[in-house]
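Here's the structure, in structure tokens; my notes come after.
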Number of protein chains: 4
Amino acid sequence: MVCAVKLLTRTAEGGRAVAAAAKLCYSPSDAGSLFEGLGPEKVRSFLAHLRKAGHFSPFEHASFTFAVDGLSRVASHQLVRHRMASFSQQSQRYVPVGTPECVLPPSVSENPECRGLFEEHARRSLELYRTLVDRGIPKEDARFVLPHGWATRLVVTMNARELHHFFRLRLCRRAQWEIREVARQMLLAVREAEPELFDLAGPDCLTEGACREPSSCGRPYATMEELLAR
Amino acid sequence: MVCAVKLLTRTAEGGRAVAAAAKLCYSPSDAGSLFEGLGPEKVRSFLAHLRKAGHFSPFEHASFTFAVDGLSRVASHQLVRHRMASFSQQSQRYVPVGTPECVLPPSVSENPECRGLFEEHARRSLELYRTLVDRGIPKEDARFVLPHGWATRLVVTMNARELHHFFRLRLCRRAQWEIREVARQMLLAVREAEPELFDLAGPDCLTEGACREPSSCGRPYATMEELLAR
Amino acid sequence: MVCAVKLLTRTAEGGRAVAAAAKLCYSPSDAGSLFEGLGPEKVRSFLAHLRKAGHFSPFEHASFTFAVDGLSRVASHQLVRHRMASFSQQSQRYVPVGTPECVLPPSVSENPECRGLFEEHARRSLELYRTLVDRGIPKEDARFVLPHGWATRLVVTMNARELHHFFRLRLCRRAQWEIREVARQMLLAVREAEPELFDLAGPDCLTEGACREPSSCGRPYATMEELLAR
Amino acid sequence: MVCAVKLLTRTAEGGRAVAAAAKLCYSPSDAGSLFEGLGPEKVRSFLAHLRKAGHFSPFEHASFTFAVDGLSRVASHQLVRHRMASFSQQSQRYVPVGTPECVLPPSVSENPECRGLFEEHARRSLELYRTLVDRGIPKEDARFVLPHGWATRLVVTMNARELHHFFRLRLCRRAQWEIREVARQMLLAVREAEPELFDLAGPDCLTEGACREPSSCGRPYATMEELLAR
């Protein structure tokens, strides 16, 4: 299985709200009038200007809520480290485990022998989980035997400023492959919904033209298309 | 002048997103299906249940963006202390000051002598500001002579969890009158937009039936109507 | 194995700093003079007053840094959800796994048959991890087969306000047993270091005299001693 | 008057705690042993390495608490916008205003005519404040006539990561002069206390060798000495 991201909802006219908020800082008008007066083309050019200047503070006014399914607890543990975000996660204390749903890393999937061992292990882990529950062990303790790769579900909300930060870190080629895949799907979804807020996003190699990591991968992204291809 | 609050935008179907996120924690389904399956009545009853249980964490998924105009810098200084929120504020470094816009406290307004002194002082402060700017003092330094009551404008975004916290603190009778008025207008606006997220909100006297402040005012609110009346 | 908490370091004279900061709000003096003028007895009584009034904001000025060892990734996943805190965690991407270190839940430990199955599973999981690494699978992917109970290490920093919040939630009898044990050891450590900041802490049943949970356990804590006993 | 910063207290051995936390991420040892094993020279070189790599996350484990006196409410309003920080501020609702304490901007101070007008205005504002209080206006409303430049006092706590961010923004030549002066005094104080955590800090022109602001001042800082000179 592979994770799947769906944009559940978002701030209506988020890009326009961001542009109005940014304009307010330098204008004698009120924000309501600024918001009314902004057409799509002005929003687009003004947001591009803010992004180039690195002024991401007003991007906080636009917020996006995603359903993330089929993410391993390896990746969800990383994901919830982002503090400027909101998470609701399926509970392993309360929700009984059903079919063997373990995220299969590509490196394992491509190696038939390893894949066999991995899948057999996932099945046995689930069997043991069930045996323990049958023997009276609480679900919250039986889950200790489930593999790290076991899949979870979350609802995640981030604003556009945190999303830019998230894409910068997590779309780097050196990020873990699974959180990169979540980030890629999230970026695809928000670009479809509010293209002008995310016309350019990703690691420094793409957005700044240079990597600042001391142990760089040496393979900079040249275009958004390259970044967004699976 | 008196402050004016306008709801600029918000998370579309925020209440439904909150309910779906909360349901996810205890359900084997995915969040997308839960979101689709929730009708208005189910959303309403489920949100009431969450609020009663004090489980406000999923309320973070619904976000609201306000234009606040005519707020004194006394009150804006308090407002921006709320850290789980986003602010864009009109800059006094860049925006030149125009007409004498000073927030008049009701206690001053009701006293003709004091009101006269107050308004005369506001006029003179603006005159001195202009004199200083004419003498070459930068706007960012000339503003040091403007009174604390000088009006400012902000765009403010808070999620529904932080809003409940904000209403709890700032609608208390002991809160400063001006930030109470902002909170009152914000609560009116979000109740119109998403009534089920804010069916009950405010200080502990109203929502919990008891005040925990050591120096309580002794005048508990009995109903939302009483709280929301000016 | 069972988790072990050690207080690594903390704000020097944190209680005195909290008391001075709180006094500043209501005093014409400067904070340096207030800090100098506060003897241990005044600090103690003033902090007790703040706690009773629920004024925890100045408690943020005192910060505590812990080493936490032997925590399962089940519990560390919950721990890092506390956003007003700082975490550094041993990386499973970079640190190779050594001996089978899996946290054994008491419910499993007390059942010889289950314990045998559990420990055998932990051994086999480690064997498979090693086999995968030998076959060329990257460590970051091989770890997908390790059980959720696998032990991790963290450095955790929280301020005294967040600690009070943490103890309130995580020392509740309904919290997961492992995070309760971490919280218990953390509270023991900070009470030894700064008793006046934590003279009373824990769930509402103990600190407020009443539980607000809709599905309460019905067994309130009566004393700090009872709360702190293993 | 001019603002004065004093370091009240801090995390004991904060630099060593940061180094131990960072080492933990890549080491099989426990944090207690790593902390014990780190001598001053190892701490110094390891922290320099982290800073160069831009890995500031472990810097959160070291926290610093300052007394800030004589800051205008113009500058305190900016200061409290930093959300990863803790503030306790002298209350104008409760503390009566005494002598005319208004921060005098250098641009005004250097112009005798303007200075005279400014100081006369500060005196008259205080007189009016007292008249209003005598007429029965509450202190919290009378303060609306005090100038923006009126001085306040705060206790401020920031961790070393946020301090680096604060110095990056607020020591820029384009930052407001007063918050620059606070930042300069804060940096002097933390460099004396924990030099290895702050061997290099400040705006990008100094730490990265290049400014990213679209409207750059064109006068990069070359050395820490230049940055720290008044």
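Note: Cβ is positioned from N, Cα and C throughout, glycine not excepted.
TrEMBL annotates A:Gln78, A:Leu79, A:Val80, A:Arg81, A:Gln89, A:Gln90, A:Ser91, A:Gln92, A:Arg93, A:Arg143 as dUMP-binding residues; of A:Arg51, A:Arg168, A:Arg170, the candidate listed for that same site is A:Arg170. Of the residues A:Ser57, A:Ser107, A:Ser109, TrEMBL places A:Ser57 in the same FAD site as A:Arg81, A:His82, A:Arg83, A:Gln89, A:Asn159, A:Ala160, A:Arg161, A:His165. Counting only same-chain residues six or more apart in sequence, the Cβ atoms lying under 8 angstroms from the Cβ of A:His82 (FAD binding site) belong to A:Met158, A:Glu162, A:His165, A:Phe166.
Residues from the set of binding-site residues A:Ser57, A:Gln78, A:Val80, A:His82, A:Gln89, A:Ala160 situated with their C-beta under 8 Å of a chain B C-beta: A:Ser57, A:Gln89. Checking the binding-site residues A:Ser57, A:Gln78, A:Ser91, A:Arg93, A:Ala160, A:His165 against chain C with a Cβ-Cβ cut-off under 8 Å leaves A:Arg93, in sequence order. DSSP assigns A:Arg170 (dUMP binding site) to a helical segment in the three-state reduction. Reduced to three states, the DSSP call for A:Gln89 (FAD binding site) is strand. In the three-state DSSP classification, A:Gln78 (dUMP binding site) falls within a helix. Put simply, the two farthest-apart Cα atoms among A:Ser57, A:Arg81, A:His82, A:Arg83, A:Gln89, A:Asn159, A:Ala160, A:Arg161, A:His165, the recorded binders of FAD, are 28 Å from each other. When the binding-site residues A:Arg93, A:His165, A:Arg170 are scored by other C-beta atoms within 10 Å, A:Arg170 scores highest. Taking every pair among A:Gln78, A:Leu79, A:Val80, A:Arg81, A:Gln89, A:Gln90, A:Ser91, A:Gln92, A:Arg93, A:Arg143, A:Arg170, the residues listed as contacting dUMP, the largest Cα to Cα separation comes to 29 Å.
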